[in-house]
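Visitor: Please read through the structure below; I'll follow up with questions.
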């Protein structure tokens, strides 16, 4: 029995796909691994809030010696519901201009729970080819009919809708707003227009990599494209730009009530710690005031994207602070990431099955606490690699 697993691991090593948990020490925007201190080019802390000491101290000052509980000790449907949860949900619903919001323990919990709760045998789920693994897992758990449309190919999506609009009672179209591996953005206005032509269609959008970063108030790509009110299921996470933990859905009250009664990861999980939810509440209140951080991040991102195009003469799909350098070959990608780490940059290889075969890459993630000079030095390092 054990030999089977040993052989599977040996195969992963032979394919340069073997993963190990790293031993890291975090020092602000830097990572220390063994004796090597590196600029962290792989973080999801897009606004730099997780390392913002002034923000942290302001939070503690607000609560002083009345800090929220460190654990909920139960699911929300039993004894694990605290006032701060309702306060955050109300704050978010008001900010988004929607009826309600609902919190979850993580983005993964949200994506594996919402779709199975909403779907049944009379439902068809249609997903962009490159949606996140958590959404794929949620679709599998839904046990309903499922097809994919080609990435960003909304003509292909409409063909699928035309073919199936009289066969199913409801069709759920699923996409990310900012895609996690390429950093490219969905055209949500096109998706909304399609939804409006097909009354049985619901639109499910995951804003994990857009919340905090995009939009005038930092509410994501849906805010930036002016279509928050037209998206039925608007999902996002607190564990990236907001420097916290957990996730949310913005939706109508009837959807919230349905999820509270039907969503298994919500019903059967211990709720987030109240302390964590209080921190998220505090950070979310700051989002409208972080325009300077968003502008700085956008400037850094544009500069790095253009540099990669110029240096390596490769196409650049990204429109965000997620900047891929696609090498293709697994071994070459691993070697290049190691060379960058030796030069003082914590860059990680992304390989199949996380990305499609033949598209192994290094995904650079920029954060708003990086300095222009640091990104300039990194670009100079990339230039040396190319020579």
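Backbone N, Cα and C define each Cβ position, glycine as well.
According to Swiss-Prot:
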BINDING   19, 132, 354  substrate binding site
BINDING   107, 108, 180, 206, 207, 208, 209, 237, 238, 239, 240  pyridoxal 5'-phosphate binding site
MOD_RES   240  N6-(pyridoxal phosphate)lysine
Visitor: If I take the alpha carbons of residue 180 (pyridoxal 5'-phosphate binding site) and residue 19 (substrate binding site), what is the distance between them in whole Å?
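Guide: Cα of residue 180 (pyridoxal 5'-phosphate binding site) to Cα of residue 19 (substrate binding site) measures 19 Å after rounding.
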Visitor: Inside 8 A of the center formed by the CB atoms of 107, 108, 180, 206, 207, 208, 209, 237, 238, 239, 240, which other residues of the chain have their CB, for the recorded pyridoxal 5'-phosphate site?
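Guide: Along the chain, the qualifying residues are 44, 211, 235, 236, 247.
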Visitor: Please report the Cα separation of residue 238 (pyridoxal 5'-phosphate binding site) and residue 132 (substrate binding site) in Å, rounded to an integer.
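Guide: A Cα-Cα distance of 17 Å.
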Visitor: In whole Å, how far is residue 107 (pyridoxal 5'-phosphate binding site) from residue 19 (substrate binding site) when you measure between their Cα atoms?
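Guide: Roughly 22 Å, rounded to the nearest whole number.
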Visitor: Given the binding-site residues 180, 354, which one's Cβ is surrounded by the fewest other Cβ atoms within 10 Å?
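Guide: Each of the binding-site residues 180, 354 was scored by Cβ atoms within 10 Å; lowest is 354.
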Visitor: If one looks at the chain holding residue 132 (substrate binding site), which residues at least 6 apart in sequence have a CB under 8 angstroms from its CB?
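Guide: Listed in sequence order, they are 111, 176, 180, 206, 208.
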Visitor: Counting Cβ atoms within 10 Å of each candidate's own Cβ, which of the binding-site residues 19, 240 comes out highest?
Guide: 240
Visitor: Between the Cα atoms of residue 207 (pyridoxal 5'-phosphate binding site) and residue 354 (substrate binding site), find the distance and write it as a whole number of Å.
Guide: 19
